[in-house]
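The feature transmembrane segment is assigned by TrEMBL to 41-58, 64-88, 109-130, 150-171, 180-197, 203-220, 241-262, 268-287.
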Amino acid sequence: MLVIAVIRSFGNGLENPAANALLPQLVPAKQITRVNGYNQILMAAMLVMSPLLAGYILSDLGIFWIFVIDALTAVLAVLCIGVVHVPTPTARRDRASKRQNGILAGLRYVGNTPLLLAFMLFTGAAFILIAPSSQLSTLYVNRTFGSEVWHLTFNEWSWTIGAGLGGLFIARHKKFRDQLGLIAIGFAGSGIAFAEMGLKQPFITYLFFMFISGIFYPLIQAGQTIYLQENVPADKLGRVFSLWAILSTGIYPLAMLAYGPLADWVPIGWIFIITGLLLIGVAYWFWQRLKKLRW
């Protein structure tokens, strides 16, 4: 099972950067913002529906059929991608560049571009601070409000519904004039919500701020995706998105190596408050630094 999980994670690590890099070749530039918003809505809907369907299949059919359906839907997705026509890029890299290691080439490109370097460093710092609220919220609800199923269900649904509304907000706009400002607002809004989640309060108030954090998350994810898609050269886009994926999602397990043991010594609410306040600071520094380094 662990080997299968590793293989699946490796596949996701290839799929997500490739999909983000491919989107500008399939979608007109004027519609990139809107399509990324729709993508956030679909992801939120998937987070709502997947546990419901998995629970039904597991209770009525068993774990075997979950794996069968998982494999069949993956094959169906591959067949759908197979009929998508992708225009051939006008600029082709020479053979020497094709032989370069993608990650190292991406690191060199980012390191030689001050704006991208600052963008990636702030992204890594921000997602280290986002990790506790993302990974410890279930444990926090269990310890603070109770372990009843409905507590955990509403905890997940409040964030997911908020994320869907955030995606809808993105989809309703053809273009954001200030994408860096949008990302900074996403960081700051998330930080405020996380800090509020850590305060002693009724469960309904906690759910409200969990919902608010869900609204701001697509502003971060979609905002950063759109910014890179519109500003990074096409022949560098896949490599840059690989690095961004490592910093925005792959950093969670590393961060939890510290936050996990810390949660046994320090109240999780305090972790939420401190990381939330620090995230507000990161939002301010992100905006101040990157507006000086604009393309």
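Even glycines carry a Cβ here, placed using N, Cα and C.
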Same chain, outside the transmembrane segment (41-58) by at least 6, Cβ under 8 Å from its Cβ: which residues?
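Same-chain residues near the transmembrane segment (41-58) but 6 or more away: 65-66, 69, 156-157, 160-161, 163-164, 167-168, 171, 214, 218.
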Under 8 Å between C-beta atoms and at least six residues away from its ends: which parts of the chain pack against the transmembrane segment (150-171)?
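Non-local partners: 33-45, 47-48, 51, 137-138, 141-142, 203, 207-208, 210-219, 222-223.
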Which residues of the same chain, at least 6 past either end of the transmembrane segment (64-88), have a Cβ under 8 Å from a Cβ in it?
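Apart from its flanks, the transmembrane segment (64-88) reaches 22, 25-26, 54, 57-58.
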Take the C-beta pairs under 8 A between the transmembrane segment (268-287) and each of 109-130, 180-197, 241-262. Which stretch has the highest count?
180-197
